[in-house]
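Going by Swiss-Prot, these are the annotated features:
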BINDING   8-15, 55-59, 118-121  GTP 1 binding site
BINDING   186-193, 233-237, 298-301  GTP 2 binding site
DOMAIN    2-169  domain 'EngA-type G 1'
DOMAIN    180-355  domain 'EngA-type G 2'
DOMAIN    356-440  domain 'KH-like'
Amino acid sequence: MFTVAIIGRPNVGKSSLFNRLIQKPYAIISDTPNTTRDRIYGVGEWLTRQIAFIDTGGLISQKTPLQQQIEVQVRAALSQANAIIFLVSYQEQISSDDFYVAKVLKKIKDKPILLVVNKSENLKPDAYEPNLQQFYSFGFGQPVCVSASHGIGIGNLMDRLVKDNQLPPYHGSSETNPEVRFCVIGKPNVGKSSLINQLVQQNRVLVSDESGTTRDAIDIPLRVNGQNYLLIDTAGIRRKGKIAPGIEAASYGKTQLAIARSNIILLMVDGSKPLSEQDEIIGGLAQAALIPVIILVNKWDLVQKDSNTMAKFKKQLQSQFQHLSFAPIVFISVKNNKRLHTIFEQLQIIQEQLTKKISTSLLNDVIQQAQLFNQAPLFKGGRLQVTYAVQTHSQTPHFVLFCNDPKFVHFSYARFLENKIRESFGFSAVPITLYFKSKNARIRGVAKT
């Protein structure tokens, strides 16, 4: 896909423009310099064309350790891009950092560079504007004027990108293999970014000892063993009491958005330290999503082990995450690249279980046999009797059980029926949901069998 990198110094509105172009609020917008630290990817559409955009961190001439890492990410974006947007601000005088960015871009000889002047909402059309003339000094020709925050000039910008680069119409993907979207969550410094670097086999996400270095959710397309994946990296989740206003709170929201966009969650914990209340809170977020979870126990290489160590830690996890009893537990060492291949093995197993459709006749055979084997207890003045069951269309396995009266359902018997369905049809690694309805009720979305 044709890819455009958005480059500029801090606070010229790169993230605002990125969000406007892809029409989704993916990148965090803030007046604080260097809010964007990694490369953020998104896709915009314009007149049957699709363009991938890369939001980048702000380039400055000063070389702090963090700025050096940001510059590595920016240069990687420049190498990946087919074209470049050089973004400057109309509301401010040209700075030395603007000229530094221009100097970097002038070294690129094989890619078109489009100068875009942002924050130009007060610019009068067809009027002589002395302030606009200064931008010609960069040597990139006539600029395109936009206001990302007001949505002004975005159509003209997209027209220029399509026309200048002769982009063909997009006719849709030929892929028949559905994409599996998964995110990596966990408290700061458990090794999420290092894991992603290993999984994608390139240095895509900033790795730093500074807690909370990754702030945005980063979408990374992957293809492993013929399966398409979209890996969403997220900022480490802090305790709510420690989330500062502004950027940290926005990152927390981005993590929740990443969970909402995912099919599967990788919940990462530090195996070298005792599980904490913070881990439990994050596990609660995963449980509340009602989607499959894989628990990754990282830094297992640092643990002094005997024959019972792994079993003991699994028991602790099951106690801490009681509502994630279905979640596979994988012990890994990202640093030593140990057992990372099992992550994609588990993802494949989960995907197969998510797409599994059960014959209505087989499902009812299992339910009736379960009731014959173990009759429901008396509860609230009656005894549950399930007469019919169907699987419904949903992201995760959902089953509707028609019964004499839903109020007779005791939680222990519901768990018994759930376990029977799991055992009979191989739903070992995914959450399943049972809905008990009166036998006279109607249900939409029933799977065809």
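Cβ atoms are placed via backbone N, Cα and C, with glycine included.
If you take the C-beta of SER120 (GTP 1 binding site) and look for same-chain residues 6 or more apart in sequence within under 8 angstroms, you find TYR90, CYS145, VAL146, SER147, ILE152, GLY153. Residue density at LEU59 (GTP 1 binding site): 21 other Cβ atoms are found within 10 A of its Cβ, drawing on all protein chains shown. For the domain 'KH-like' (356-440), the number of residues in each DSSP class (helix H, G, I; strand E, B; coil) is 32 helix, 23 strand, 30 coil. Secondary structure at ASN11 (GTP 1 binding site), taken from DSSP and collapsed to helix, strand or coil, is coil. Nearest Cα neighbour of GLY186 (GTP 2 binding site) among the listed binding-site residues (GLY8, LYS14, THR56, LEU59): THR56.
For THR56 (GTP 1 binding site), the nearest of the binding-site residues by C-alpha distance turns out to be LYS192; the candidates were ASN189, LYS192, TRP300. Spacing of ASN189 (GTP 2 binding site) relative to LEU59 (GTP 1 binding site) is 26 Å (Cα to Cα, whole number). The Cβ neighbour count for ASN189 (GTP 2 binding site), using a 10 Å radius over every protein chain in view, is 16.
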